[in-house]
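Quick look at what TrEMBL annotates:
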TRANSMEM  B:15-35  transmembrane segment
DOMAIN    B:55-163  domain 'Ferric oxidoreductase'
TRANSMEM  B:55-71  transmembrane segment
TRANSMEM  B:83-102  transmembrane segment
TRANSMEM  B:114-135  transmembrane segment
TRANSMEM  B:155-172  transmembrane segment
TRANSMEM  B:178-195  transmembrane segment
Amino acid sequence: ADGLEPNSYEDITQYNNYYEFGTGKTDPARNAHTLTTSPWTVKIDGMVDKPGDYAMASIMEAMTIEERIYRFRCVEAWSMVIPWNGFELADLLGMAGVQSGAKYVAFETANRPDEMPGVRFPALDWPYVEGLRLDEAMHPLTIMATGIYGKPIPNQNGAPMRLVVPWKYGFKSIKSIVRITLTDQEPPTSWNKANAREYGFYSNVNPEVSHPRWSQASERMVGGGLFAKRQPTLMFNGYEEEVAALYEGMDLKANF
Amino acid sequence: MDRIRDQINATARRVPTWAVYILCLLPAPYFFYLAVTGNLGPDPVKPLEHKYGELALQLLIAGLCITPLRQHLGINLIRFRRALGLMAFAYVTFHLLVWAVLDVQTLGRVVEDIIKRPYITIGMAGFALLLPLALTSNNYAVRKLGVKWRKLHKLTYLAVFLGGVHYIWLVKGIQLEPLIYMAVILGLLALRLRGRKPSRIAA
């Protein structure tokens, strides 16, 4: 994405939704320091050739880190531009060897009541889980982020490794991943479990499909100040050219 | 206990009501200033909108406390009830203005949201209920309406309840704070139901 002016490091790391550390926007930055992110192990299992517990350090060794400046659109109708550092999810899945029958990828966030004060209250059904169709997961825009602005990703942003799917609402981009499972069934996703009427499995950014409680036609750009004008929201968050083909022939109003 | 009560009553008698108006109004410019100067975070519209909404609910709840405080504890703060009510109305108005002007920004979408989004419809209904109450919060209207004034101002109960529902409905997932507000509101309303029986017998 060219011509995008990234938000400041402070905006990106002090304004977060990460309910495991509290539901307020500043709670994660205040509380997430308690999360132990090293050592870290990611279990990759299900329909893969090489299932097992992968040490985060060995994943980092095997992957080539690059920068991706992406728009980030929250389902709450605010947005940012974030310079992520990371690698394509396809490369990680390639390392584990995806078997031919796999159709979906399921993800799971760490669930540690001792380190995550928010999971002591059932704001959601913990642990946080998310999922993608395999072709979405293999898309070159889909990355695992391990850094922001060239620095290791802060805990409140999903350390040590989080998903980033730039054409979907932010909650799809699951944080602090401990498990990745290849499956042939559509996996459950946290917000869909909490309220299926409001949050679908796909959750592609779509200005024409409003959230039942608010319009998604426009967004407030974080960092614009009190009097900033709302900006129109772009189809697939501006990545229509790259990803529209994934959904050809699908009714996006029904599959929201 | 009696000494504490008498002390509170004596102190309250010395506090002029205009001081309550000033005290209640101060947070409005203060939080607006924080929002303008970037001290409410990088997305200041929502925190400001929510702060005004919360203050409105808090003032409405404070207003609901006046009668039970007198009935059950003998603490008489009734002189301040009008100020609390009017200030609550002011904050509902500020909340509505920030939402409409700074957040949603276009009249068409404001109208659309009020019609299409039930939690906003409910919030607007609460505001609409408070409007006649604010307009009749003057000595002339109290005298003119007499018994009807008391009946009319019972609309507060419904308005506060709608405010509590509005808050629960607008958050994502299950969150504790709106549930606490609702519990307090329901508790204060329940005190009214209980308090009515003896007065009926007395009448």
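Even glycines carry a Cβ here, placed using N, Cα and C.
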So if I exclude everything within five residues of the ends of the transmembrane segment (B:15-35), which remaining residues of that chain have a CB under 8 angstroms from its CBs? That is, six or more out.
44-45, 47-48, 51-52, 55, 59, 79-80, 82-84, 86-87, 90-91, 94
Beyond the flanks of the transmembrane segment (B:178-195) by at least 6 residues, Cβ under 8 Å:
57, 61, 64-65, 67-68, 71-72, 157, 160-161, 163-165, 167-168, 170-171
Would you mind listing the long-range same-chain contacts of the transmembrane segment (B:55-71), meaning Cβ under 8 Å and 6+ residues beyond its ends?
24, 27-28, 77-78, 80-81, 84-85, 87-89, 91-92, 94-95, 156-157, 159-160, 163-164, 167, 181, 184-185, 188-189, 191-192, 195
Helix, strand and coil counts within the domain 'Ferric oxidoreductase' (B:55-163) (DSSP):
96 helix, 0 strand, 13 coil
Distal contacts, the transmembrane segment (B:155-172) - CB-CB under 8 A, six or more residues away:
53, 56-57, 60-61, 63-64, 85, 92, 118-120, 122-123, 125-126, 129-130, 132-133, 178-179, 181-182, 185-186, 189, 192
PLDDT averaged over the residues of the domain 'Ferric oxidoreductase' (B:55-163):
96
